[in-house]
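I have placed the structure first, in the form of structure tokens, so that the comments after it can refer back to it.
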Amino acid sequence: MTTTPAQRAAPGPRPRRARLPWQRVPIWALMLLACFLSVVPFYLMFVWASHPSAEVFTFPPHLWFGDAFARNWQGLMQVTDGQAPRQFWNSLYIALVSTLTTLFFCSLAGYAFAMYDFRGKAALFAFILGTMLIPPLVMDIPSFLVMNNVLGWVGEPRALWVPGMANAFGIFLMRQYIMSALPRELIEAARMDGATEFGIYRQVVLPLIRPILATLGVVTFVGAWNNFKGALIMKLSEPDTMTLPLSLRRLGGGATNVNVDWGAIMMLVVITVIPLLIVFLLASRQVISGLTSGAVKD
Amino acid sequence: MSQRAAPRTWSYTRFQQRFAPYLFVSPFFILFAIFGLFPLIFSLFLAFHLWSPLDGVGNWKFVGFENFQLALGPTDMFWKSLKNTVWIGLLSGIPQHLVALPLAFIIHHSLRRFQGTFSTILFLPYITNAVAIAIVFATLYSERLGILNYLGGQLGLDPVRWLGDPNLVPYSVAAVVFWRYVGWNTVLYLSGLQAISEDVYEAATVDGANGWQKFWYITLPLLRPMMFYAFTLTIVGSMQLFEEPFMLLNDGGGSGGAGLTSAMHIFNTAFRDLDMGYASAMSWLLFLAIFTLSMLNNYLFSRDGGNR
């Protein structure tokens, strides 16, 4: 080995192995390959969206951007009967309403479980955690029936965002964070000053839990934006309710038919993915650390 | 005068202090009652009945265990779909963890300065839209026009029917699933590694442990809770696999139904054939399968000294 005991015992955050540069080559090659494989489908969808339909499948394949973005946008407007912007808005509306309501109700409940002592608290919290064991799939049929036969919400966007507003995962995440990040004395002090209970939540707690709100916000936004099965089941398929994933299914389903406008479809793929990339890249560090910190505690 | 006996005067401040927490947690329970508990019970009820939503509420016919017998019998696709689901789950799940653990290990030990960058890039597939990605992969897989067969052709290989050959379909679907979740598992393992104190390694170094011993006797045992968590997520997620095969192969699961997962079969039965009772019965059977596999996972991890 190239290290001596003295080097290893050296103080500091981590004893650094004095590796020769060439020994690190395989490691870097491996990591770059992993990153390349992660990114290449994204890259290709942008490349394809910038070439005329007829050239999406040419050999050798295009590896660099073309100049047909505008043309493919027009193609997309044609194959969607001009509904693409509307579909984008439908998806955005559902994702935003979902996110805001989830953040509100989950942080409120998480705050109650973290900072109050009340009769039945342990049992109620255990019950909430217990519901996480139910696989979402088991809920598909019964929730459709409730929406269809009881509430008559099938075909309406609220069928997608109302049921998940206060969810077990969000409450758990919020409670974990609030317990570790906010001192109870702070709440007491605000109470002494005469704040109402909701006032304390709004004026003291909310501003202090911004980091975890960002985490849950991104996760909820991404989940709602990507909700394909829910939209399929709740039949958001009319022109004024269709979301992007359903539109993608309509245009690009059934795999590879050469006669469809592939440039337009790739344009729609890009439009579906761009907001996710933006939201995630803005908050990636926060999201990753927030998600993994609550992973195995309790 | 007894302090205790004095009747407390009602005050808004005290009232709202007492009842605020109940009010704050109530939305979950209200929503769960409407969209969770009631539907669940109803779905269990339906599993023993023959019913289509078109028949109208109340017009269901009790059939006992017939739905379950049909699902487990040889004539239906349910068994086949369950086998497909488990097979695709193994094909995508095992490599996910076999790759994610060493990747996390390398990032943690050798590439500390770039941890954030690597985890962000590897995490990207996890957050993207499954439908959009399935379309991209479908074009890569295209038999005559896809890049994969083009590259294969350059190497002198015959074109492969990635999404047409029933023997290959599970692998093609599993590859997409693997691509989507390997980074997520890497990030999980990475955060598990970061939680292990350096002191433990230093103590082991003093005691003369070599790199391999440190990995085997320190890293792996201390990573157990995270591995258990990651395995659980993989099992629960793969058993419900829906979007990728649905998009890549259409709702029938491709030729021979080789890519028909249980979630797809239940979806078709419920929402295409409108046979709600039968679909409910199958969804409970799938729930049972998920539960059993999770318990098995739990058992494997709690055995021999894993004190989580």
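For all residues, glycine too, the Cβ spot is worked out from N, Cα and C.
What TrEMBL says about this one:
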type	residues	note
DOMAIN	B:82-297	domain 'ABC transmembrane type-1'
TRANSMEM	B:21-51	transmembrane segment
TRANSMEM	B:86-107	transmembrane segment
TRANSMEM	B:119-141	transmembrane segment
TRANSMEM	B:168-190	transmembrane segment
TRANSMEM	B:222-242	transmembrane segment
TRANSMEM	B:281-301	transmembrane segment
Beyond a gap of at least 6 residues from its ends, the CB atoms lying under 8 Å from the transmembrane segment (B:281-301) belong to 43-44, 46-48, 67-68, 70-72, 78, 82, 224, 227-228, 231-232, 235-236, 239-240, 262-263, 265-266, 269, 308
Contact count check, CB pairs under 8 angstroms to the transmembrane segment (B:168-190), set B:21-51, B:86-107, B:222-242; argmax is B:86-107
Per the Cβ under 8 Å criterion, with at least 6 residues separating them from its ends, the transmembrane segment (B:222-242) contacts 85-86, 88-89, 92-93, 96-97, 100, 173, 177, 181, 185, 188-189, 191-193, 195-196, 200, 261-264, 267, 286, 289-290, 293-294, 297-298, 301, 306, 308
Per the Cβ filter (under 8 Å) with a sequence gap of at least 6 from its ends, the transmembrane segment (B:21-51) is approached by 59-68, 275-278, 280-281, 283-284
